[in-house]
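A short worksheet on the structure shown next.
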Amino acid sequence: MATNEGSERANVDISKIKVGQGEGYDKKCIFCKVVNNEMGTEILHVDEEVSCFRDIKPGAPHHYLVVPTRHVGNCKSLSKEHVSLEKMVEIGMEILQKNNVLDLSDVRFGFHWPPFCSVSHLHLHVLAPASQLGFMSRLFYRPNSYWFVMADQLIQQLNSKGETT
């Protein structure tokens, strides 16, 4: 598990953003529980739209997950009403910069494509430095493979369908 060194905690009162167990919350979803502060996970960013925390099985020295604060299934079920993918990427970049990752040319932003999702809650993998991914991580987070789609490619796909992010 990654350490907390060099990171900043979210300076947000999560109780004001708590989704609760109604609309936008899936009681079986581990990420809904994390965002709802039920798991004791350190939340690095939270707002009405997106939340960010560390991946529990990091594939790179910096491996963060940016998720919609409200439950959204996966890449295939996205529509313009769900969440801004651009905002998810923007928050990922902010978290990297807060953690002293300055070389943004050596990062990887992407989503696992169903059925290759371990959790059925949309989540953006933010990995840095990409040049330090291990052998298995290079396979697991391989750009534009059958199982992993880069964020910019998914944004482009949604826009070409007439969906805006």
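Glycine is treated like the rest: Cβ placed from N, Cα and C.
Motif 'Histidine triad motif' is the annotation TrEMBL gives to one range among 11-15, 61-65, 81-85, 121-125, and that range is 121-125. Take the CB of H123 (active site, tele-AMP-histidine intermediate) and look out to 10 A: across all protein chains shown you find 25 other CB atoms.
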